[in-house]
Every structure is written in structure tokens, then in C-alpha cells.
Amino acid sequence: QGRMWAYTVGFTVLPHVGGFLGWFINRKEMPVWYEKLKKPSWCPPRKIFPVAWTVLYTGMGYASYLIWKDLGGCSSKAIVPLGLYGAQLALNWAWPPFFFGARNLKMALIDILCLDGLAIGTMCSWYRINKTATLLMVPYLGWLAMATCLTIRIWKDNPEQKPGKSE
């Protein structure tokens with residue numbers, strides 16, 4: 001019981017690791033290239049994103065800890081619920097390199113659509129285990145819905161440059 005706080009902190013911090021790395025690697029591209037993209041009027045201001053992701057990653061990380069704890073750690077019962085969570089987290093972390101790094105809007109769109117399905121699957125698998133953990137994922141799912149619509153709109157409104165054309 002004395003080390004449970006370390007697990008709580010570890011699970012809660014884990015989502016932030018990939019989020020921070022994605023930001024760090026792509027931080028120079030974000031303000032330059034992203035600002036030039038045509039975006040809808042309802043696109044949140046750039047300053048909102050780090051605040052939103054900090055809250056969302058903290059909630060989902062703590063939720064994953066609750067599931068891990070309720071299933072008795074890395075047991076056979078935890079494979080599907082935590083596997084789905086890990087898969088959606090990997091797709092979450094992959095989105096910035098596709099979008100900002102490779103500037104591949106189509107791959108970013110495919111990534112986020114798969115991410116949506118895995119996030120929903122994660123929540124469905126968690127519902128019978130821990131309703132609080134499931135509820136902690138609701139804001140994340142809401143943000144993903146907005147991010148998916150935004151990705152679709154940016155993809156549609158910014159046709160990819162053909163090789164050889166300048167930006």
C-alpha cells in the first residue's frame with residue numbers, strides 16, 4: 001500500500017510523456033506552418049491546446065490507474081481494457097508527428113478516426129470495471145470529437161501540395 005502513490009503518479013503522468021514529446025519535436029513547425037492553414041471559425045485558439053491536453057491527459061492517466069488497480073495490476077483480466085487504452089494512447093501520440101511533422105493531413109485524419117474507435121472501445125471495456133474511470137474519459141472523447149471534426153475540415157480545406165510546388 002505504501003507504494004500505491006508511485007503507481008498513481010506513474011499512470012497519471014504517462015500520457016503526458018508522449019504529449020510533451022510530440023510538442024517538443026514539432027514545436028517549431030506549429031506556429032509557422034499551422035498558422036498558414038485555412039481553419040474554420042470555430043477552431044480553438046492555439047493557446048487553449050496545451051491547457052486542454054494537460055487536463056485531458058491527467059484525467060485519462062488517473063482513469064487508467066483506477067482500471068489497473070481494480071483489475072489487480074497487470075493481470076490477464078487487464079489485457080483487453082489496458083491494451084485498448086495503450087493502443088489509443090499510441091495513436092494519440094502519433095497524431096502530431098503525422099499532422100505537424102510530416103504535414104500529412106490524410107494520415108492524421110486516418111489516425112484520429114482510428115483513435116476515436118479505440119477511445120470508444122476503451123470506454124466500453126472500462127464501464128463494467130469502474131464507472132468513475134469511464135466518466136473521466138468523457139471530456140477526452142468530447143475533445144476528440146472536436147479534434148476529429150477540425151482535422152476533417154483542415155484536410156478538406158487545405159489540399160495537399162503536389163511535389164515540386166512551393167508553400
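Just so it is clear, glycine is given a Cβ too, placed from its N, Cα and C backbone atoms.
Just so you know, TrEMBL annotations never went through curation; they're auto-generated.
Copied over from TrEMBL, here are the features:
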TRANSMEM  6-26  transmembrane segment
TRANSMEM  47-66  transmembrane segment
TRANSMEM  78-95  transmembrane segment
TRANSMEM  135-155  transmembrane segment
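The largest share of C-beta pairs under 8 angstroms with the transmembrane segment (78-95) comes from 6-26, of the ranges 6-26, 47-66, 135-155. Same-chain residues lying 6 or more positions outside the transmembrane segment (135-155) and placing a CB less than 8 Å from one of its CB atoms are 37-40, 43-44, 52, 55-56, 59-60, 62-63, 66, 99, 105-106, 108-109, 112-113, 115-116, 119-120, 122-123, 126.
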